[in-house]
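Q: According to TrEMBL, the feature pyridoxal 5'-phosphate binding site maps to GLY280, GLU322, PRO323, GLY324, ARG325, TYR423. Summarising the annotation, TrEMBL assigns substrate binding site to ARG325, ARG362, TYR366, GLU394, TYR423. Look at TrEMBL and you will find 74-328 tagged as domain 'Orn/DAP/Arg decarboxylase 2 N-terminal'. According to TrEMBL, the domain 'Orn/DAP/Arg decarboxylase 2 C-terminal' annotation covers 333-421. Among the features that TrEMBL reports, N6-(pyridoxal phosphate)lysine is placed at LYS98. What TrEMBL records for 1-24 is region 'Disordered'.
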Amino acid sequence: MSRSAHPAGPRHADVLPEGHYSGPAADLNELDPKVWAQTVTRDDDANGVVTVGGIDVKTLAERHGTPAYVLDEDDFRQRARAWRTAFGHDADVFYAGKAFLSRAVVRWLHEEGLNLDVCSGGELATALSAGMPADRIAFHGNNKSVSEITRAVEAGVGRIVLDSFQEIVRVAHIAQSLGKRQRVQIRITVGVEAHTHEFIATAHEDQKFGIPLAGGQAAEAVRRALQLDGLELIGIHSHIGSQIFDMSGFEVAAHRVVGLLKDIRDEHGVELPEIDLGGGLGIAYTSDDDPREPHDIAKALTEIVTRECDAARLRTPRISVEPGRAIVGPTAFTLYEVGTIKPLDGLRTYVSVDGGMSDNIRTALYDAEYSVALVSRRSDAEPMLARVVGKHCESGDIVVKDAFLPGDLAPGDLIAVPATGAYCRSMASNYNHVLRPPVVAVKDGESRVIVRRETEEDLLRLDVG
Ligand code: LLP
């Protein structure tokens, strides 16, 4: 993944980058279940319109407008449940709210027996207002404010994940002044960074999160935390990256975290009861991605930790994980209406939609790849190489870099980009004063707005003149 935005330039002129999934699918009408939410189907009795949760996308567009994020509630619940079941009763699954958070989602998570990871006062407020019990909330962040920490301690969150030496003292002081003993974990950086198919096991302490294991810094953090009355140190936390398919990064991380647990036992005579291995498990954005099932991931992580603990003669701690993308990512697609279509001879056809980088910044920001399909009808026209772009005043405003769409695509058609449940609405902006789309949950033939569309009144209300 590229880390640099590239608003214009020669890269955009490549017809298909090397190594890109090449050529159109045999049938553009087919919807690969790997990238689409579980209840998505094409209704061949109704001219091939796509339905989700028992409702067709034309009805959704009429009722709720476009663009809209359409979220399959059954799929969300099933994925949440699959993670919960895979890890069983000896482990905890904390859904990472940064991927997408709303009060409806908090209620679903609560009902499905998951916990919640929040990383700001806003996420904490959303979780509490939707009734998530505070003791099932973990509070993260590299720069939590005093007021955020105070609210979290007062609310009684189950754990605060300490991210720096200063925060160890800060949280201890706040807890003590409130007459409380706060359960905490310490986030360490184990020198592993993983992205997609690769991981790098050196020199990745150079980042803003956590306390490096290197140079005895994590051991020193533990020493200090154990001395402070306001803190109850319950475990060590490690998060190694995002959109990861390769488990070997977790293996190295678990090895190093368990090594620290062993050192803590040897030095302090204390066996910390928990270890959190973070989130970061990958999903399929295109048919070329092969994500692992929660059951396989749970088995692999549990085996790694158990093996490492046996070797170190430690009791196996309670494991927790923090998947965000892997739960919500595949459950939603963004529904757009096609506007201007501009064929550029010999290059590709630019297909403009009524949203863009304000509802999905990931393509511009990370060079992320997405799929796209015509969903308001079926078409057997010849495939055309297309680039789906938004309506923003910027040439880097690309939603799908390279994709094949039917050559008879026309203004007014509906197209959908799957796997936009994670880090799209939660990273959406008002760039160009474009209004952020709603999130519409569908289930059993019903649609329900769970986050409403922004209005011009919303914009003007914030602009106090
Ligand atoms: N736990 C911690 C401590 C994290 O920092 C994160 C993500 C997660 C869990 C959840 O990771 P997930 O399972 O969702 O990959 N905006 C980027 C992703 C940033 C992830 C930040 N931390 C993107 O759109 O790809």
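Yeah, the Cβs are placed from backbone N, Cα and C, and that goes for glycine too.
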Q: To the nearest whole angstrom, state the Cα distance for the pair ARG362 (substrate binding site) and TYR423 (pyridoxal 5'-phosphate binding site).
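A: Cα-Cα, rounded: 8 Å.
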Q: Among GLY280, PRO323, GLY324, ARG325, GLU394, please name the binding-site residues whose Cβ is nearer than 6 Å to ligand 1.
A: GLY280, PRO323, GLY324, ARG325
Q: Which ones are near GLY324 (pyridoxal 5'-phosphate binding site): of the recorded positions LYS98, TYR366, GLU394, which have a Cα within 10 Å?
A: LYS98
Q: Taking every residue in the domain 'Orn/DAP/Arg decarboxylase 2 C-terminal' (333-421), what is their average pLDDT?
A: 97
Q: If you count other C-beta atoms within 10 angstroms, which of the binding-site residues GLU322, GLU394 is the most crowded?
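A: Within the set of binding-site residues, the most crowded position is GLU322.
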Q: Just give me the nearest neighbour of ARG325 (pyridoxal 5'-phosphate binding site) among the recorded positions LYS98, TYR366, GLU394, Cα to Cα.
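A: Comparing Cα positions, the candidate nearest ARG325 (pyridoxal 5'-phosphate binding site) turns out to be LYS98.
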Q: Between the binding-site residues GLY280, GLU322, PRO323, TYR366, TYR423, which lies closest to LYS98 (N6-(pyridoxal phosphate)lysine), Cα to Cα?
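A: It is TYR423, whose Cα lies nearest.
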Q: Kindly report the helix/strand/coil residue split of the domain 'Orn/DAP/Arg decarboxylase 2 C-terminal' (333-421) according to DSSP, in that order.
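A: Counting residues by DSSP class gives 5 helix, 41 strand, 43 coil.
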Q: Taking Cα atoms as reference points, rank the binding-site residues GLY280, GLU322, PRO323, TYR423 by distance from GLU394 (substrate binding site) and give the first.
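A: Result for GLU394 (substrate binding site): the nearest of the binding-site residues is TYR423.
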Q: Rounded to a whole number, how many Å is the Cα of TYR366 (substrate binding site) away from the Cα of GLY280 (pyridoxal 5'-phosphate binding site)?
A: 15
Q: Looking only at ARG325, ARG362, TYR366, GLU394, TYR423, which the record lists for substrate, tell me the maximum pairwise CA distance in angstrom.
A: 27
Q: Max Cα distance spanning GLY280, GLU322, PRO323, GLY324, ARG325, TYR423 (pyridoxal 5'-phosphate binders), Å?
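A: So the maximum pairwise Cα distance among the pyridoxal 5'-phosphate binders is 15 Å.
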